[in-house]
Every structure is written in structure tokens, then in C-alpha cells.
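Engineer: This is the structure I want to talk about, given as C-alpha cells.
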Amino acid sequence: MPGLSCRFYQHKFPEVEDVVMVNVRSIAEMGAYVSLLEYNNIEGMILLSELSRRRIRSINKLIRIGRNECVVVIRVDKEKGYIDLSKRRVSPEEAIKCEDKFTKSKTVYSILRHVAEVLEYTKDEQLESLFQRTAWVFDDKYKRPGYGAYDAFKHAVSDPSILDSLDLNEDEREVLINNINRRLTPQAVKIRADIEVACYGYEGIDAVKEALRAGLNCSTENMPIKINLIAPPRYVMTTTTLERTEGLSVLSQAMAVIKEKIEEKRGVFNVQMEPKVVTDTDETELARQMERLERENAEVDGDDDAEEMEAKAED
């Protein structure tokens, strides 16, 4: 299929003060020439004076060809097609929002472009028409370009009727729903943290058990927490959830409860690994590690048994 392309949003040009994602194409004496990724790669320029608040010693340390950058629009001449941009005026918070919006808008774009592939569209105008009848309808409805379409598509995974108001024929609707489900159906993630819990007092074992039990009680129906012993005093905490952020938060809360409980008994609590999403590779490595420790413990137990038998024989 020819490389169909279309801008992400209904407006052909960004507005002044919009923070947009660009890709650096070339660097010249006056500044850097870039492509506005959300606006079908139209050209813009970041003047040298707008690259950094500090004195520029090396332009290559500030900006590199091929890299994506979050920049703010400072001037737009729609007739001549000139767009002036600034990197230095973008705050860290604005950059984070820009990246989030770009990621979600790009997901919507990928879904609709794949729909166009399946339906064998051959012209950019056909892809733009699809945007007009789907993504831009929701962007306009919710007054949130980029986010409106993404949120509506995500909602369509559990309730496809949200697409009923769109001007789509049967084939378009079916292919769109299939692609939305393929790209946006939530995937369960496993979250893990490694901790050390110990208490060397008179009731040390009971204190550790009580603290870990308090952590387990932070489980919810949707986010059950498991705690497994790796090797004293190290434990691994895990939970599986569809909500990554909530999962990280629940595990952090459970760790705080365990810390509080064990320290009440003058015990020790250390974080070996902060809560994080783990991959299958991480899980395989953990299983291998626990297996090895089990074998080592079994060997130690075997040595103890042999020593006991020798002692009895001597008696």
C-alpha cells in the first residue's frame, strides 16, 4: 500500500503556545529545521536563540538530527507556511504532557491507518475522511484534541455502542472495532518489589510474620498481593493488575505498612528493589534464583542430618 498519511488533529496548523512534538531534520546557521509529527510533517524552525536559556557552547549537545523534541509554537504564518518554535520555553511539566498527548494521538493514528490498510484505501483523502468521521468527531465532542478520540476508543473496548453515532458503513465499523480491541484491550501487568524484613528480638519470627500479614491485608479484590520468601531476610512482593499506576501504589502502601509494623517491634526493614513492572524474563530469573536457594537449603539440611546421625553413632 502507498504510504498514506494524515495529520493527527482537525486543524491543519497548531496555534501559538501549543506544545508540539517535532523531529529534527537538519541544523543550519540560523537554527534547526524540524518536522511537526502531529501535523503531517509540515516544516517548522527552532531559531538558535530559542534552543536554550543558557549560552550555547555546543549545538549538538542541545539538539540532534533524528531526535524527537517537545517545543512550543511562538509564531504561525498560515499563508506562507512558516512556523517558529522554541525549545527553551517548554517547562518539564509541559514536556511530559506533550509526550503523553503525542503517544495517545499516535495510537489513534496507528489504529485508523491500519483500518485504511485493511480497507485498501489508496488516497490520503480517504484516510482524512476516516479521521473526520471518527477521531475528530470525538476530539470535537470532548473539546480535547488527541485525548478525546483516545478515550472514546478505549471506552469502545467495553462498550462498542459509543461508535454508533459515527458515519461508518458496516465494513468500516467492523474493522475499526477489531483494531481498537487489538490495540487497546488492557493487558495485565505483574508488579514486583523486593524487601528485607528481620527482627532479632525474643519474638522475632512472630514479629516478621505479623508485619508480612499486615502487608497482605492491603490486598484488594482486583489486586491480590503475594509475598514469597527468597532467602531470609529477603522477600519478594508481587501483584497482578490491569491498572499499572494503581498496582504500583498498592504495593508501595503495603510496604509502608510492613515497615511500620516491624519497626514497632524494633525490627529492620530495607527496600532491595522498589515496585516496578516486571517482564517474563525477570520472572524466569526469580524462579531460577528461588530454585537455587531451595537446593542450597536442602543441601544444608542434608549436612545437618548427616552430622546428627554421626553424633548418634558416636553415642
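Placement of Cβ uses the backbone N, Cα and C atoms for every residue, glycine included.
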Engineer: Could you let me know which of Lys87, Lys104, Lys141, Lys276 shows up in Swiss-Prot as N6-acetyllysine?
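Structural biologist: With Swiss-Prot as the source, N6-acetyllysine is noted for Lys141.
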Engineer: Summarise the model's confidence over the domain 'S1 motif' (17-88) as a mean pLDDT value.
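Structural biologist: PLDDT averaged over the stretch: 90.
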Engineer: Could you state the whole-number distance in Å separating the C-alpha atoms of Thr279 (phosphothreonine) and Ser158 (phosphoserine)?
Structural biologist: 26
Engineer: Of the modified residues Ser49, Ser52, Ser158, Thr281, which sits closest to Lys141 (N6-acetyllysine) by Cα distance?
Structural biologist: Ser158
Engineer: Do me a favour and check the Cα-Cα span between Ser158 (phosphoserine) and Thr281 (phosphothreonine); whole Å is fine.
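Structural biologist: Thr281 (phosphothreonine) has its Cα 31 Å from the Cα of Ser158 (phosphoserine).
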Engineer: Across all protein chains in the structure, which of the modified residues Ser49, Ser52, Ser158 has the highest Cβ count within 10 Å?
Structural biologist: Ser52
Engineer: To the nearest Å, how far is the Cα of Thr281 (phosphothreonine) from the Cα of Ser52 (phosphoserine)?
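Structural biologist: Between the Cα atoms of Thr281 (phosphothreonine) and Ser52 (phosphoserine), the distance comes to 41 Å.
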